[in-house]
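Chemist: Among the features that TrEMBL reports, transmembrane segment is placed at 24-50, 62-88, 100-121, 142-164, 197-222, 242-262. Feature annotation from TrEMBL assigns domain 'G-protein coupled receptors family 1 profile' to 42-293.
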Amino acid sequence: WEFNGSFYQPSAFLMMGIPGLEALHPWISIPFCALYLTALLGNCVILFIIRRTPSLHEPMYYFLSMLAVTDLGLALCTLPTTLGLFWFNVRRIAFDACLAQMYFIHILSFIESSVLLAMAFDRFVAISHPLRHSAILTRSTVLKIGLAIVLRGMVSLLPIPFLLKRLTYCGRTELSHSFCFHPDIMNLACADIKVNVFYGMIVLLSTVGMDFIFIVLSYILIIRTVLSLTTREECLKALNTCVSHICAVLVFFIPMIGLSMIHRFGRNVPPLVNTLVAYTYLTIPPALNPVIYSIKSTHIREALLRALCRKRG
């Protein structure tokens, strides 16, 4: 512990695995290894296929590349501490390292939310204004959207580590997960955390909350456009282009909203439920997104098959 007058700050936090199942951590690590391996390989394959296939150099797949890079970042942020805990029982994480991990986890989560919004806008333009799609979403426009997404996440979350560093901590140093999460660290403080709670809520609502609302609005407009199409085949074809994105939105937002609610209002929720929701939020989307797009996107699937055939030949 570091002591400076009445100010206390732990030198490290202790991470927790799955409560009640500590003896089974080596076995539990097997599905986690499979998820991380799927996330790393799957997203790298998506990036490789898009990079090597000129026909995929269009806005939809540029945004998919951004999603793949974000998912890779999320997987790499939590992989060392999670597998370190399950394999070697390494529970200790330095205070500053914990703040850094927390900052990048939250930035990447906010970026993923914004990329999903950009993908929803791309689907809306492609379905509602197909003739103007390439003129509206040019390469430079997509690049500007990507830069704006990254800057918004970095700037909005920049005060969070400093707000946590100013707090006095006492007594408990056990985190609820095998990674660092803002509400988790904040609740270990024995100082007034009203500023942290208020700022965290404002940032969450103004970024992820607004992204989700605009995604829903985009699909309301898409459905209105689809219903105006003359034939059933055209309706199904238009909606089929959105299936992968809808799955990615649900896989990301449902556990994220659940985890946020648990940390803020779920005082009586069993620790096991909290832990499972947290792991679902940070490990399932990076692993499932490349699988979803590989299965549902005909262009990705065909490009992947062509690449495999070239290697065999």
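These residue numbers are counts, starting from 1, taken along the chain as shown.
From the backbone N, Cα and C atoms, a Cβ is placed for every residue, glycine too.
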Chemist: Counting only residues 6 or more past its boundaries, what in the same chain has a CB within less than 8 Å of a CB in the transmembrane segment (100-121)?
Modeler: 60, 63-64, 66-67, 70-71, 73-74, 77-78, 81, 93, 145, 149-150, 152-154, 156-157, 160-161, 164, 179-182, 185, 207-208, 211-212, 214-215, 218-219, 245, 248-249, 252-253, 256, 282, 285
Chemist: What residues in the same chain, six or more past the boundaries of the transmembrane segment (62-88), come closer than 8 Å to it by Cβ-Cβ distance?
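Modeler: Distant contacts of the transmembrane segment (62-88): 15, 17, 25-26, 28-29, 32-33, 36, 39-40, 43-44, 46-47, 50-51, 101, 104-105, 108-109, 111-112, 115-116, 118-119, 122, 139, 142, 146, 149, 178-179, 248, 282-283, 285-287, 289-290, 293.
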Chemist: Determine which residues of the chain contact the transmembrane segment (242-262) at the Cβ level, with the cut-off under 8 Å and only residues 6 or more beyond its ends counted.
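Modeler: Same-chain residues near the transmembrane segment (242-262) but 6 or more away: 67, 109, 112-113, 116, 119-120, 123, 127, 183, 204, 208, 212, 215, 219, 222, 269, 273-274, 277-278, 280-281, 284-285, 288-289, 292-293, 296-297.
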